[in-house]
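Q: Here it is, the structure, as C-alpha cells.
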C-alpha cells in the first residue's frame, strides 16, 4: 500500500500490481536513470525551464536532476582516465577553439565526459540524442546546467527526435562547422534541410556502421561536399567498442529485461561481425546453444571455426528461444519470421538502427501489445502465442541497461582526436571523401589506456626496427590494417 500511495497520478486510480511493477522497473531503465513520475505527464517541449545561470537554451526532462547527473558523470570520469588525460594535455592549447560542434549521439554519463572534454578544448557544442530510449535524463540535465545546449530526454517520440535535432542545428547567430554523428541521422538532416550549412561544414566524424554506410553512399553519388572521418572502422573503435562492449552488455540488457537463464537456451545471432562475435562469446560462455546467420563467407567461416553452426534464419526460427540481430541491415527479421516463432521467444536488436526487426508489421489490429516492464513488450497473437520484444527493436544495451565505461573511453578518445584532426588539418589534406583515422592516432589512443592495466610495452632495438622497416615509435601497422 505504501508503493500504491507513493506516486499519485492525475489520470485516476492505478492498480496495486501496476504501481509495484512500475516502481520496480525504474531500476531497470537505462543506466538506472533517476525518474520523477510527476514529470511524465508533460512533454519537455511544453515546459519552461532555466538553469542556475538563467539560460533556457536546452530541452531536457527535468533540470532539477542535474546534481544527480553530475555525480553520474564524475563516476564515469574515474574509468575514463585516458580521455581526461587528453583533456589535461590539450586544454592549454585549445585545439578546438572556434569549433562549433553539433552532435547526435547517445547521451549517457560517458558521452557527457566526451562533450565536456570538447568544451574544455575550446569547442562550442549543441547536442541531441541518436536514440529515443538511451538518454540518461539526469545526465542531460547536468549538461544543461553546465551550459551545454542539449535537447534530449528518454522516451522521445519520432517527432520529438527530429525536433531535437533541428533545434541543435537551427539557431540564429550560431552555425555549426563540425558534426559528430552516431547513425547518420544528424548528417542526413543537415544535408537535406540545411544544404548551405552542410557545404560550410569542415568535417564530419561518424562512429556507427549505419552512419558510415550512409556517408559512403553520399560519396559514391558525388554528393559528399565535406571530408568525413570513419571512426567505426578505426581499430580502436571496431576491435574494442564493437567487440568487448557488446560482449558484456548483451547479457546485461537481456538479464535486466527478462531475467532469462541462458544455459541450454537456443539462440540465433544474425550477423558475425565484431558486435556479433562479442555477443556470441558471451552467450556461449553461459552455456547457450548459438546459431549464426551470415551473408559474408569470411565471417561465416570464422563462425564455423569458432564452433558455431551457420544456418539460414528460416531453418531454426521455430525452435530458437532468443533472436538477436546485429547486421546494420534492414528487415533481417520479418513478419513471416515473427509469425513462425515459438511462444515466449525473445527478440532484440544489437545494431544501431531500428530497421533490423520489422516492428511496423506488428502494429496491426489482430495483434495485442502488452507493456510488462520498461522497454519490454509482449506481442500477443490471436492463438495466445507471445513474442517478447525488447526496446521496440532499438539498440538493446543502451536502451535497457548500461555499457562498460572503460571501453567507451577508447571510442570517445578516438572521436575527440578525429575532430581535432579534421578541424586543424591544413587545406588540401582531406578532400571531399571518407577517411580512416591515421594509424598513428589509433596507436596513440591505445597507448593512453595501457597505464590502467599497468602494461609495459617492449621497445624495438634499432636493429629490429631496421629489419622490420618500422619507425621505433610507430606506426606499427599499415593504414589498411583492420
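A Cβ is built for glycine as well, from the same backbone N, Cα and C atoms used for every other residue.
Nobody curates TrEMBL annotations by hand; they come from automatic prediction.
Sharing the feature lines straight out of TrEMBL:
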type: REGION; residues: 1-56; note: region 'Disordered'
type: COMPBIAS; residues: 17-36; note: compositional bias 'Low complexity'
type: DOMAIN; residues: 242-403; note: domain 'S-adenosyl-L-homocysteine hydrolase NAD binding'
type: BINDING; residues: 273, 274, 275, 276, 277, 278, 294, 397; note: NAD(+) binding site
Q: Other Cβ atoms within 10 Å is the metric here; tell me which of the binding-site residues 273, 276, 278 scores highest.
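A: The largest 10 Å Cβ neighbour count belongs to 276.
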Q: Within 10 angstroms of the C-beta of residue 275 (NAD(+) binding site), what count of other C-beta atoms is obtained when all protein chains are considered?
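A: A count of 28.
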Q: Write out the long-range same-chain contacts of residue 294 (NAD(+) binding site), meaning residues 6 or more apart in sequence whose Cβ is under 8 Å from its Cβ.
A: 271, 272, 300, 303, 310
Q: Give me the mean pLDDT over the domain 'S-adenosyl-L-homocysteine hydrolase NAD binding' (242-403), rounded to a whole number.
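A: So the average pLDDT across the domain 'S-adenosyl-L-homocysteine hydrolase NAD binding' (242-403) works out to 95.
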Q: When you measure from the Cβ of residue 277 (NAD(+) binding site), how many other Cβ atoms are you left with inside 10 Å?
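A: Cβ-Cβ neighbours of residue 277 (NAD(+) binding site) within 10 Å number 23.
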Q: Long-range same-chain neighbours of residue 274 (NAD(+) binding site), Cβ under 8 Å, sequence gap at least 6?
A: 238, 239, 242, 243, 246
